[in-house]
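Asker: Sequence annotations record features per position, and here TrEMBL assigns domain 'Major facilitator superfamily (MFS) profile' to 1-399. According to TrEMBL, the transmembrane segment annotation covers 23-46, 52-68, 80-104, 124-145, 199-223, 243-259, 271-289, 295-322, 334-360, 375-396.
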Amino acid sequence: MIGRALTSFFWGWLADRYGRKPIILIGTSSVVVLNALFGLSTSFWMALSTRFLLGCFNSVLGIIRAYASEVCREEYRSVALSVASTSRGIGMIIGPAIGGFLAQPAENFPNLFSESSIFGRFPYFLPCLVISVYAVGVLVACWWLPETLHMHDKKVNKRCDSCDVLEASAEESDEKDYVIEVEERKISQKANLLRNWPLMSVIIVYCVFSLQEIAYAEIFSLWAVSDKKYGGLSFSSQDVGEVLAISGFGLLLFQLLLYPPIEKVLGPITVTRLSAAVSIPLLASYPYIAMLSGITLHLVINIASVLRNTLSVALVTGLFILQNNAVPQSQRAAANGISMTAMSVFKAFGPAGGGALFSWAQKRQVAAFLPGDQLVFFVLNLVQFIGLLLTFKPFLAQPHE
């Protein structure tokens, strides 16, 4: 996260200047190499260095958000951004599940992997290798991505001098889009993104919700595997992996099938507010879910987890739409770079803060006010409520369509 915070704006600036596709290719290549090296780490500092470098070289998420809003017509932008945020959400859910299932293969699958093999000497290399191989496939597929940032200033000026725009053909209609794009680029070169309050207000709201999201992800796994006498679920790592996998599947169905029509009717800001508001009573119910047992517990926690992750991604998707609407295309990647920088700073503190909060709550099992895990979910809801308040005027300024 620190590496990403240091370089996200730089990669966004490059993407606005030279195109989206080269930056996407560089970021995906960094996953192939550095993720594999992380699995081959022989010391803590090597592991830390590879993660830092991966953050420095990989700014794919911000660029993809800009790309998704540009690669299709306006009426499909909510679908495109929904796909982008769904992919991110599923990655955050399935990624830890892959790590949990494939880590230490020599111990978990001794018939397939021996202690003397590379997977025995590097017990966390297998999940990293699987992700790197997958990234190779993504890298190959990205060669066929069309570039969405068009730079035809000279061509446009020449064509505009020699053709009648009102009687333009389909090809010339594209050139009119280029004219508008060029004019936007000239105007945006003088614009200061940091003074764009509709953009900055959305980024601040996004950072608050990101802090809550990463803290929840850290706390959920700790809470699920902790003993029932401490208010947890007494789940195994495999149980947690199954819950996360089911959540990912439910999230995929909702974002692809239900989110676009809902966003079309209600609008992105209303979807964001509703998602944040419904998440509060849902999280407040978690300590009471821990009182259940058997099949009832598994059924309820799976439903709650699907709802929670769906609401979280729907919330973020609405903010992505508002953020991209706040700037012209020629500044979109830089704007997403600023967003990624700020979000990475907040997310750098989220896991540590969530872990510390959970540890403190474990020592308050007999407290009179908010004992045990009730304190954990109260603090998560407090952050969520602050984010919800910030989605209203006068703080959040919506861009003019």
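Note that Cβ sites are derived from N, Cα and C of the backbone, with glycine treated the same way.
Curation does not apply to TrEMBL; its annotations are automatic.
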Asker: With a Cβ cut-off under 8 Å, give me the same-chain residues at least six positions beyond the ends of the transmembrane segment (23-46) that come close to it.
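Answerer: Contacts of the transmembrane segment (23-46) (Cβ under 8 Å, skipping residues fewer than 6 from its ends): 11, 14-15, 53-54, 57-60, 63-64, 67, 122, 124-129, 131-132, 135-136, 138-139, 142-143, 145, 333.
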Asker: At a C-beta cut-off of under 8 Å, are there same-chain residues at least 6 beyond the transmembrane segment (199-223) that contact it? List them, or none.
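Answerer: Beyond its ends, the transmembrane segment (199-223) has Cβ neighbours at 92, 96, 193, 231-233, 240, 276, 283, 286, 290, 305, 308, 312, 315-316, 319, 322-323, 326-327, 335, 338-339, 342-343, 345-347, 349-351, 353-355, 357-358, 373, 376, 380, 383-384, 386-387, 390-391, 395-397, 399.
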Asker: For the transmembrane segment (295-322), find every same-chain residue at least 6 residues outside the stretch whose CB is under 8 Å from a CB in it, and list them.
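Answerer: For the transmembrane segment (295-322), the sequence-distant neighbours (Cβ-Cβ under 8 Å, at least 6 residues beyond its ends) are 65, 69, 77-78, 81-82, 84-86, 88-89, 93, 198, 202, 205-206, 209-210, 213, 216, 220, 224, 233, 239, 243-244, 246-248, 250-251, 254-255, 259, 262-263, 268-269, 271-272, 275-276, 278-279, 282-283, 285-286, 289, 398-399.
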Asker: Can you say which of 124-145, 243-259, 271-289, 334-360, 375-396 has the most Cβ pairs under 8 Å with the transmembrane segment (52-68)?
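Answerer: It is 334-360 that shares the most Cβ pairs under 8 Å with the transmembrane segment (52-68).
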Asker: Short question: most Cβ pairs under 8 Å with the transmembrane segment (124-145), which of 80-104, 243-259, 334-360, 375-396?
Answerer: 80-104
Asker: Over the domain 'Major facilitator superfamily (MFS) profile' (1-399), what does the predicted model average in pLDDT?
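Answerer: A mean pLDDT of 83 is what the model gives the domain 'Major facilitator superfamily (MFS) profile' (1-399).
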Asker: At a threshold of under 8 Å on Cβ distances, which of 80-104, 243-259, 271-289, 334-360 pairs most often with the transmembrane segment (375-396)?
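Answerer: Result: 271-289.
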Asker: At a threshold of under 8 Å on Cβ distances, which of 80-104, 271-289, 334-360 pairs most often with the transmembrane segment (243-259)?
Answerer: 80-104
